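Engineer: Have a look at the structure that comes next, please.
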Amino acid sequence: MCGLRFIMGPVRLEILLFILAAYGAWAEATKEEEDDTERLPSKCEVCKLLSMELQEALSRTGRSREVLELGQVLDTGKRKRHVPYSLSETRLEEALENLCERILDYNVHAERKGSLRYAKGQSQTMATLKGLVQKGVKVDLGIPLELWDEPSVEVTFLKKQCETMLEEFEDVVGDWYFHHQEQPLQHFLCERHVLPASETACLREAWTGKEKISDGQEEADDEEEEEEEEITKTSGNPKHDPEDL
């Protein structure tokens with residue numbers, strides 16, 4: 001019996017070590033996946049979206065030929081200054097108004113990676129789940145159906161951090177607007193003033209459009225059906241984390 005124990009001991013130890021190694025690898029993979037699906041936006045992502053929104057707002061008024069009259073006519077005979085609207089402080093103030101509020105128009109697209117997960121429009125996952133509801137499938141997200149389209153925790157955090165960053169770097173934005181518009185705002189603000197060089201990776205992430213199916217709606221429908229089947233296989237009452245939608 002002692003001999004048997006002597007033989008089995010190393011075998012059991014080997015099995016135990018194998019189980020521990022397998023569990024460690026699984027836990028690490030799970031952690032990496034959760035890091036990208038359950039996280040708050042980084043400072044890089046906040047700055048990226050802030051600069052994108054501001055440049056987009058300014059681009060809508062950049063071609064205006066309106067001329068503003070500034071100042072008052074005084075007894076000294078000084079005349080009002082005429083300033084092109086496209087170069088005026090008024091234009092910047094109007095672009096900044098409700099800038100961070102517009103961040104709430106973004107949604108979390110959990111099927112995308114990195115900063116690309118934050119985009120306007122409905123995510124593929126949410127579209128699929130709403131399609132299931134329309135077909136009569138009961139989907140449990142832990143929140144009422146009427147709240148599905150409300151801003152998520154991540155997007156709300158984005159908006160708050162946008163306000164904080166804008167307040168902190170207001171002078172930098174003004175300096176760029178009046179003196180450095182030949183440079184992209186994202187480079188001038190994010191790379192030169194807000195972020196250390198080691199934290200700028202998200203600025204280089206760009207949506208290529210290759211992930212979309214431009215023609216061939218059948219292929220898109222097939223993918224949606226496969227996802228629906230995967231969801232309904234779990235049970236008649238599939239559950240999802242609303243933060244991943």
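Yeah, the Cβs are placed from backbone N, Cα and C, and that goes for glycine too.
What Swiss-Prot lists as signal peptide is 1-27. Sequence annotations record features per position, and here Swiss-Prot assigns disulfide bond to C44-C202, C47-C190, C100-C162 based on similarity to another entry. Annotated region 'Disordered' per Swiss-Prot: 207-245, in sequence order. Residues or ranges marked as coiled coil in Swiss-Prot (evidence: sequence analysis): 209-237. Here Swiss-Prot flags 216-230 as compositional bias 'Acidic residues'.
Help me see these features in their spatial surroundings.
Structural biologist: Contacts of C202 (disulfide bond) defined by a Cβ separation under 8 A and a same-chain sequence distance of 6+ are given as S42, C44, E45, K48, G114, S115, in order along the sequence. For the recorded site, C202 (disulfide bond), the DSSP three-state label reads helix.
DSSP assigns C190 (disulfide bond) to a helix in the three-state reduction.
The Cβ of C162 (disulfide bond) has 23 neighbouring Cβ atoms from other residues within 10 Å, across all protein chains displayed.
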Engineer: Using a 10 Å cut-off on Cβ-Cβ distances across all protein chains shown, tell me which of the disulfide-bonded residues (C44, C47, C100) has the largest neighbour count.
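Structural biologist: Buried the deepest by this measure is C47.
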Engineer: Do any residues at least six apart in sequence from C190 (disulfide bond), in the same chain, have a Cβ closer than 8 Å to its Cβ, and if so which, in order?
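Structural biologist: In sequence order, C44, C47, K48, S51, T200, L203 meet the Cβ cut-off.
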